[in-house]
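Chemist: Got a structure here, written out as structure tokens. Questions coming.
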Amino acid sequence: MRAEAQSAAQASATNTASFAARPTTTKPVKMSVPTFDGKESDSLVFWVREIEIALSAGQIYDAGAQVAFALSNLGGRARAWAMARETATPGYFISWSFMEQELRSTFLLANVAYRHRSNFLRCKQGKRSLQDYVMELHNLEAAMAGAPLSEDVKVTVFMDGVRTGPVRTELFRRQPKTFNEAVHIAMLEDHCVRSAQDHSSHVEASEDPTPMESLLPNRHALSGLHVRVVAASVVINLVTAVGTVPPTRGR
């Protein structure tokens, strides 16, 4: 039992280690990351994630190299703040994890999680497309990763925010259990509705007369005109025949 516990603990430590050194079998990929200048604190969460992706793709596992890479992608007052720390105490940022914590405590507002959670709870689709509505919810959800909402709350907010229509009806009919399931159902129904509308518009457009056809009378008018033409032709033939018959001579 003790051996199993030690093995499980070692496996857990291995899984949770951030960018630990490991043998590589693929070629490193160099990625560009936008600079974080410290002006918009909300963007720090996404910038941190981009740094982590770039470190992994570039196979940068050395602590000093990770810090140097992160420093190279700072700008404005965020870079000035970091370089002030490094100048006063060389090697101040001993690792990327420590640097991330310092950045969060300095530039991430204390009430940022509350603001994102409040915006998520009040989010509505309105006149926007379903795709734009879903994208905003995903961005807000990612920004409050440290204090996530429960699946029930997210599903309720999403379903309540979808505007009245076929998509909302389908959601309440299916009663999804998770936020991702609700989004999948809504996107699929929205695609079906838009496809049906496009098909209907195409059929109506194909039934409209062409500009040349619009200048011609319809079939009923042509039928009547044909009858009149035939009748007139018969009369003309009769008159012509009568006019050409030689007069009979009297006895």
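Quick reminder: no glycine exception, Cβ is built from N, Cα and C everywhere.
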Chemist: Which one of these stretches, 1-20, 41-60, 61-80, 181-200, shows up in TrEMBL as region 'Disordered'?
Modeler: 1-20
Chemist: Between 0 and 100, where does the mean pLDDT of the domain 'Retrotransposon gag' (69-163) sit?
Modeler: 91
